[in-house]
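Quick paste of what TrEMBL says about this protein:
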BINDING   B:96, B:150  substrate binding site
BINDING   B:172, B:202  Mn(2+) binding site
DOMAIN    B:198-422  domain 'Glycosyl hydrolase family 4 C-terminal'
SITE      B:112  site 'Increases basicity of active site Tyr'
């Protein structure tokens, strides 16, 4: 990696792009960027123009000579890339609305990452990411793929397992938020704490120690997760309002204490399913599911982005919910490029880091980021309060990815059956079928089954 | 084990006892029985008298000189026993009614083995079985403990893990029914088929081969589990009406085909939860939950048993639902006593038989029954459609048993959270609390929490 | 498998063939044999004729109408075979003499199964067995391969791992001898004992229980392996003189007691290496290595076999050292054919039977022989006195097989380095090089290296 | 850990102490030391005086007000300690001479760490370290134990497994030398390379990457270990002359290439046993075994130390062979104290770092050093060229430690049998017996057996 760096962002028309550009600008001394290519598809052309022009203004305002290219030609962009980041959304936000509303219409959580909705996001995304990997093998075989398209863990697993591409890292902002919350709860600076994260994307736990080597995990658990205002208090002073995707409903204190390790926000879906469902059903009734809100926020953001005088990331973006996501991508790229050995939490090959899972699956764990990629820090084993649930979720992921690759309907139904967020039985089949038909356009691998479903319903 | 055998049955007043006695009589040439001791508690005195006298008549009618003792003094009975079988039910059928109805009153499956109800059965049973084990260490240290008190797998695990007693075997009639169904479906004699079972009690899968070594698993799956009348057809010609506890609702054919191995009847709770719940709620509304029906059946059985002219097992017992259970116990005892090397499916220490689970947990697997106890046949590993779910269930069991032993409320709530049949969140807490209070009398280990719950509710 | 059975024996000119034929004759009621094909190569033509004609006389004398074919055309023989047994020796006994004498000429044990000699036997045999497997895929895709060519475990592993052929079973007579010795020591009938064997070919341990379920392992250890005449006493009354290959030198009693499980005869090479080496060096000096003795015995046997009046297996064959080997093959074939569910000790896929080794490696364990092949009985884990040594030996085997397949010299040297019977360092290289050159004719995969070695030595 | 730090060094009279003191002085800004206690036993009183006074002069010359205490009262020293480092040698160098010479007198490598000699060092050391741990539990329950007494890995394992003390780290200078050699070979600065080490003490392998993330392992292997002068060239420019304990005999290039990962210097004992033995036998014949040389060097060093004008570490110490050892201890202490998150290679609990070994054994791996102790970096699994040998060595260690704790003779003999450096059989017993008798004074746990041996030899 000599000379100027070429960075390609697939899904460049995303509302997050300004954060990404800001992240690169902040690291201008670490990253000798030559070109940034923002790639999108025909349907995203308008958004790409708007956000791409903002990106250009931001770069210019920062006094940098980086070339910012906007293109619909992915292959042209990928040619000789050094880093490829992926933040695309197959089917755009309308697809997410279906992912969330169709399950909810049957009284079932949709959840765009690990619920039925997230599984469909995987079904739509996996074939596309595998195409991108094939292009990369040909056009930029030495590049790193930095994925933050959700479900980030499953997408990363698909790239390694079926794409046979190892230079990939999956990213997420949830661990970043977890760190900030713990620091807030302990009234410590984040950099004064040592964290160990272990689990899967949106399904990990962590432990924390202070500068004296004293484990503070129990203290965080107690103050944040067993008190009504615990989380709010811990987040005071945080500029960002956190992971907007997830309502801050209280966990069950006794269960959390028994756990002994700190869950992530997304564990609410598994640990307090009933309350989460209630909340989601209310949002559903009001037409205010997360996807619908985000769509509205995005429209507002793009209005802002159009302002030809705007040349910095607008503060409103932080409400969007994915705060820190793009910044994490920039930090990861800078860490790889500079062999910084930063410790970050990423989706990567397990390699024994979690001894309850096979070596060759993707996990989300604290890792040292070297020029050769992430090297996980050992977590060790979980106890029986956690181990089996983690193992189930990993197998749910593997089954989902298998279905995404093969287009096998039975495997898809199996994945639904395994997912604790989807009730088993006829209802699983019904939701699966409706989602298949609804997403018909983006599920070529399932076309035969979809045609059959349509024929039956006529 | 020289001379005459002394067999002790704890819970001797059970309605199953005539099947047990019949099983011994059938094996009179294999088992030189001297004494049979039927033990029960004060609340079961009347039933013990009735069924005990029937037992005596049966033995006499068979022309045997076995002594049949009826007693409420467990320790007297255990003295120098060779085999101890356990079929007791702490709290009798009224406790089971609560186990089933309290969850259902909240719209949740009760399920007396692995659901919330089964977990409470474990909470009540584990302390008692551990007392029995302590007595056995003192009074009959060479005896075998043959458990068929449900949840049979968890009870066996508790005996090994916390009782540190290895001469224990857990039994269940579900594998026996599975074999008969497969034979029926294949129109083969049961003895002409080779089976391998792997999993946990009420949560196992099996594969089957014919005399030519051809695997017939797929054929059984297809004919029994993907066709509306598949099960009914397979069971034609069976005298017994099968596992009465579970309604014969159809599985989802596509999911079952993807599975590739044959589930047990109890998998319906996990694979078609919605239909099972619907069925149970209807029964609940009519006051006809399984426990209530069984209570009625039992009353009728005991009326029959009173008949001083009855000296054989009445055919009506087969409707009770546990057909083959007691016979399996007799066969197990005969196999151990005679070192028969029969292959039976039992709950025993894993020892690598299922490579996805630790060596030291209890699993339910095909085993060779020797005089030294069961030796499992290797199952190998499961694939991702099954592995994680099995691992979760094992950890749910371990967490339940831990709660049963420690009386820790958080651990109990964790176990509820892990169980796929119990929705997570407040509702789990509510059901847990109601069950704790309802079973107060039989949960000494939870007395402190129960007192607190009662105080709060005042 | 309908109609008459066709059995093919590769290496049909072996001196063991009469035992094999006798074994089939003994089981004539279990095996409706149509044809037996004895296959050999040009170099073995004369022996094939001699022993083949004896086989014909034996069949005729038994009043059977089986066709016995003698052929050098392996492919003709394999066509539509039901069972293929392999007992060939690439390079004949002269190769074995080199396997043994070349290491001994450097003061190192040769040992034709697991020592340097055995590794070369693997180097010569693996390419041939993989060719046979390719032929079988084409000519008899439903046949079972019953291997008793040494090193039996490695050959079986190669067939599964590189040949991708699962219908293979590896056989050995050592477990049979172990059973007889234990029975002799306990003065019990063999069929009254229950054995569990676990480990690798020529590297397994066993435990034993009596009819009362009492473990007798310690008693066997004590009486056979810690007393000077222990083994001799245990073998009194045995017709066969045991595993002739191995001198009956005493183990170290203290080490054996610490072991707690019963080693096999071949463990002498690892547990009392110095005494074994001393013995072998004496034999070497006298020109009486095992191979040389066997060659002499074989010549005598073939003289006997020529006798046109001989129509039974001559008793002298039992001295040959492989007693029970061929009979075990017949029993295995009969068990598969008739789905007998006999318990035999065979080399087969681990599948968790030994939890210290991966599921997918070949181990030698007690297994139930069904029509679908062997199903291992769980052994569980070993303790630290045994586990690591077993794991090393398995990896030595895997490395040896890898070298046999790839012809990579470094891998071959690595395998030598791993083998505890070969001293590491220059001496390993020297022995390896001499053996390569000596076996040049039978090591096509190493031709390039051999040519280089020859060039260097000029 | 507030206020001034109290550091205790057991074996304070060691010739290494000046390096330790120098290490602390170099880190005076990181470590607010109050007191350093040098502890020794009666036999070491004179050396303690000499080196202790040098230590005092060094501290004074550095202008520091640290109290340096010399004492024979270990318990007084341990009271309220913050860090306890152990560098004692039970039986002093005379014991090491026996460890080396007795096996060599039978033609067997002695090797004071992993050979027969090292095992006896473990037998002598383990009981003493366990006593120290008991004292620490009482007198300084929050202190860290930093062990660099050999065999460092076994001693650390014993502390965790039998002492049930987790605040322990085992140190060694071998990984430090390995890093310097790799840097020298690659002509890179050490800090520009990223290393991953995995294995056991004196039995680990490593891989290395450069700043561009390119793996340089193969290049190091090739240039250092396959060329006659490779090592010499790589070490040019190194002030220290490396690990003096081990002669720099060449590995076998082909075997090393097949390995694909870089061995440590001590692997010579296992990979080129014959050459190493030859070298050692020559030294033995000349009375110049390593122990004898060290004894001479030490005498010279102590002569130097006596010089009242000497107040720095004399350069001659670097020839002693343990260069960097004490400095590593200081760095470790500074890293823990300051939560530096340095990456060091230490002996610590595996926790999945090496997926081929159980979670709960001690391994030597790259670890992040936090205030809460070392956290291993995942190594993953080894392939078959390495895995089994590593597993054997771990089990040899576990068996040795077990023998050290129980004093069981059979277990000791088993450990000898497992060790690839000790030939199995009678010779193992002979060496074991001679060493037992020779070390009688320091092996209380084996007194009974020793008495028996002495009686027999009379």
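Backbone N, Cα and C atoms are what each Cβ position is placed from, and that goes for glycine too.
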So what's the average pLDDT for the domain 'Glycosyl hydrolase family 4 C-terminal' (B:198-422)?
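The predicted confidence over the domain 'Glycosyl hydrolase family 4 C-terminal' (B:198-422), as a mean pLDDT, is 92.
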Near residue B:112 (site 'Increases basicity of active site Tyr') in space, meaning Cα within 10 angstroms, which of the binding-site residues do we find among B:96, B:150, B:202?
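Neighbours among binding-site residues, in sequence order: B:96, B:150.
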List the Cα distance (Å, whole number) between residue B:202 (Mn(2+) binding site) and residue B:150 (substrate binding site).
10
How big is the gap, in Å, between the Cα of residue B:172 (Mn(2+) binding site) and that of residue B:150 (substrate binding site), rounded to a whole number?
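With the alpha carbons as reference points, the distance is 9 Å.
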Compile a sequence-ordered list of residues in the same chain as residue B:150 (substrate binding site), six or more apart from it, whose Cβ lies below 8 A from its Cβ; state 'none' when nothing qualifies.
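Listed in sequence order: B:112, B:113, B:118, B:121.
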Around the C-beta of residue B:112 (site 'Increases basicity of active site Tyr'), how many further C-beta atoms are within 10 angstroms, looking at every protein chain?
24
Applying a 10 Å Cβ distance cut-off over all chains shown, what neighbour count does residue B:202 (Mn(2+) binding site) have?
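Summing over all protein chains shown, residue B:202 (Mn(2+) binding site) has 26 other Cβ atoms within 10 Å.
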Mind checking which of B:96, B:172 has the fewest other CB atoms within 10 A of its CB? They're the binding-site residues.
B:96
Would you mind pulling the DSSP three-state label for residue B:202 (Mn(2+) binding site)?
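DSSP call for residue B:202 (Mn(2+) binding site): coil, neither helix nor strand.
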Could you say whether, by DSSP, residue B:150 (substrate binding site) belongs to a helix, a strand or a coil region?
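Going by the DSSP assignment, residue B:150 (substrate binding site) belongs to neither helix nor strand, so it counts as coil.
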Could you tell me which three-state DSSP class residue B:96 (substrate binding site) falls into?
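Once the DSSP labels are grouped into three classes, residue B:96 (substrate binding site) ends up as helix.
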